[in-house]
Amino acid sequence: MSYINLPTVLPSSPSKTRGQIQVILGPMFSGKSTELMRRVRRFQIAQYKCLVIKYAKDTRYSNSFSTHDRNTMDALPACMLRDVTQESLGVAVIGIDEGQFFPDIVDFCEMMANEGKTVIVAALDGTFQRKAFGSILNLVPLAESVVKLTAVCMECFREAAYTKRLGLEKEVEVIGGADKYHSVCRLCYFKKSSAQTAGSDNKNCLVLGQPGEALVVRKLFASQQVLQYNSAN
């Protein structure tokens, strides 16, 4: 029997780690941050030097980034990714949470991947209006790996691909959790929430702005009419 002896390091082996971009998309509550954390920890176990970057305006968890079930990991806050370029060049793996909020996400990820870094981005793909969120979708053609996760619809328990805002705010960037957003399916996306229904009802109230005030006034007038009737008799 003959054996083939292969060298431990092949001549064609790269001299440094090859860079790549991995993108994790999906609605809120679909497990994007959990998957980002899992991938980063996998590299940490293999003794790679890792850095996680979080959006600085999300101050809910101090200097950590957190999943919705309160698993946390140390993170470097930033509003612009270019502000943490030096820190990023000193590591092998870069994790970016809430990538949709960073206006320079595309240029930064491409630059770091070309420097041999593994860049893992977790981001919302769409706004509460189901429109592209910032420039995050421009990262898709540049990425080696793209996955879109789904959540469970918080109104009917089917598969959920969208994020629905519960309040009446119109601006795109409103940071919050289950108090402000639901993950929903296509059918439930078009159903009005209780807050939206209350808001539309208030617009139709010509005299009094608060629900229930008209009922109080009617009771008040009824009491006055009874008093007038009793005094007349």
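Positions of Cβ are set from backbone N, Cα and C atoms, glycine also.
Copied over from Swiss-Prot:
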type	residues	note
MOD_RES	SER2	phosphoserine
MOD_RES	SER2	N-acetylserine
MOD_RES	SER13	phosphoserine
BINDING	26-33, 58-60, 97-100	ATP binding site
ACT_SITE	GLU98	active site, proton acceptor
BINDING	PHE128, VAL172, GLU173, VAL174, ILE175, GLY176, TYR181	substrate binding site
BINDING	CYS153, CYS156, CYS185, CYS188	Zn(2+) binding site
Need the DSSP three-state call for GLN100 (ATP binding site) to compare against my parser.
helix
Between CYS156 (Zn(2+) binding site) and PHE128 (substrate binding site), the C-alpha gap once rounded to whole angstrom
18
Of TYR181, CYS185, CYS188, which binding-site residues come within 10 Å of MET28 (ATP binding site), going by C-alpha to C-alpha distance?
TYR181
Within 8 Å of the Cβ centroid of CYS153, CYS156, CYS185, CYS188, the other same-chain residues by Cβ around the recorded Zn(2+) site are MET154, GLU155, PHE157, ARG158, ALA160, VAL184, ARG186, LEU187, TYR189
For the binding-site residues ASP58, GLU98, which one has the sparsest Cβ surroundings, going by other Cβ atoms within 10 Å?
ASP58
Distance between ASP58 (ATP binding site) and CYS185 (Zn(2+) binding site) at the Cα atoms, whole Å?
26
Nearest of the binding-site residues to CYS185 (Zn(2+) binding site) by CA-CA distance, picking from SER30, LYS32, GLU98, GLN100?
SER30
Which has the fewest other CB atoms in a 10 Å radius around its CB: MET28, CYS153, CYS156, CYS185, CYS188, the listed binding-site residues?
CYS156
Here the Cα-Cα span from GLN100 (ATP binding site) to PHE128 (substrate binding site), rounded to a whole number of angstrom, reaches 13
Through the lens of DSSP with three states only, how would you label GLY26 (ATP binding site)?
strand
Closest by Cα to SER30 (ATP binding site), out of the binding-site residues CYS153, TYR181, CYS188, is CYS153
Conformational class of TYR181 (substrate binding site) under the three-state DSSP mapping:
strand
